[in-house]
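In what follows, a single structure is set out as structure tokens and then discussed.
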């Protein structure tokens, strides 16, 4: 038995070596790697691991060999998705057919069942906590091993391998747990590092905004006052048009300065209990004229859920989100707003049927001065949204698809 485990250890080493190379390649382009490329990298990692495991298996006897190919096969299907899982299964069966024997049938049969399970769980798996990912991965590999050893016993009608089944299954379960843990540990480290870099950037912008915004606001207020006086006494139509244009631009500049100030100091100073439904209805009343201009209709499902926060900041956060959603639908569309309660907090879902965003644009939302509006935007609106939600100890999840729209899910601590 120790000899069997010793023969299987190189298989585990090949998987771990391929995993570290994969993570290094992903790390080099961490901020540029979109979801599609990441899936294909999981495919390459899994396929290379499967190939190495099958080329150098453990020899149980003169006519029976075993390897740990199912670990990378299941990892690829869970992290890469159904399409990657099916491709990996096809290549695994082809590799196995090259070596010959009745093992092709067991590989195909158990593979179809396991890939089916992984495909069903893949989307949920990527949203699970590390603990549940470990439980799910280990349960699938255990189920796979159970089916495989039962099949082997029935097909070969031999029981001399039964003593090895327990040890091999245990090693597969431990190997699966180790691989998932390493993947999640590296991903967590990357996320933490990117969060630190983002925080440092935001801190610099915050200090700059706080120091400049107040200095700009005073002369702007004075200029606006004199322009309004000129407008009241002016009768020339052309001059009135120029003054109106100047006032409009000053109002726009004031909005930018206000966003700067909110971004620089988003801390909730006047905390109170807020009814999300009531606050969102107020924001909708403000934004409805813009929605009517863009032929955007609302689909509302609002529920009274209470949170703790500052009213003005929360309203500005919602206003920025809804304004962006409406502006993403210049030719009309539907804006869905759903408010619901969950055991862990309040949930606000905002969906539009607008132009959508790429994965790269979604990842950069909330970064200093990043905007999807070209020259028309400053990026401050979304910076404020992320900063306010963060100050309220909430979380934002964004999904988007070009040509189909964008979906925001905001989770905030709930007051019961």
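Going from the start of the chain as shown, residues are counted 1 onward.
Each Cβ is built from the backbone N, Cα and C atoms, and glycine gets one as well.
Please treat TrEMBL annotations as automatic predictions, because they have not gone through curation.
What you see is a predicted model, and the numbers here were worked out from it, not measured in a lab.
Copied from TrEMBL, the annotated features are:
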{"type": "DOMAIN", "residues": "211-416", "note": "domain 'Histidine kinase'"}
{"type": "TRANSMEM", "residues": "7-25", "note": "transmembrane segment"}
{"type": "TRANSMEM", "residues": "40-58", "note": "transmembrane segment"}
{"type": "TRANSMEM", "residues": "70-91", "note": "transmembrane segment"}
{"type": "TRANSMEM", "residues": "97-122", "note": "transmembrane segment"}
{"type": "TRANSMEM", "residues": "134-152", "note": "transmembrane segment"}
{"type": "TRANSMEM", "residues": "164-183", "note": "transmembrane segment"}
Exercise for the section: For the transmembrane segment (164-183), could you work out the same-chain residues 6 or more beyond its ends whose Cβ comes under 8 Å from its Cβ atoms? Expected result: 1, 4-5, 8, 12, 15-16, 19, 23, 60, 66, 68, 70-72, 74-75, 79, 130, 133-134, 137-138, 140-142, 144-146, 149
Completion exercise
Spatial neighbours of the transmembrane segment (40-58) not adjacent in sequence (6+ beyond its ends, CB under 8 Å) are 4, 7-8, 10-11, 14-15, 18-19, 21-22, 25-26, 33, 65-69, 71-73, 75-76, 79-80, 84, 87-88, 91-92, 95-96, 99
Completion exercise
Counting only residues at least 6 beyond its ends, the same-chain positions whose CB falls under 8 A of a CB in the transmembrane segment (97-122) are 54, 70, 73-74, 77-82, 85-86, 88-89, 136, 140, 143-144, 147-148, 151-152, 155
Exercise for the section: Check the domain 'Histidine kinase' (211-416) for me and report the mean pLDDT. Expected result: 82
Completion exercise
Contact set of the transmembrane segment (134-152) with the rest of its chain, CB cutoff 8 A exclusive, min separation 6+ beyond the ends, reads 70-71, 74-75, 78, 106, 109-110, 113-114, 117-118, 121, 125, 128, 161-162, 165, 168-169, 172-173, 175-177, 179-181
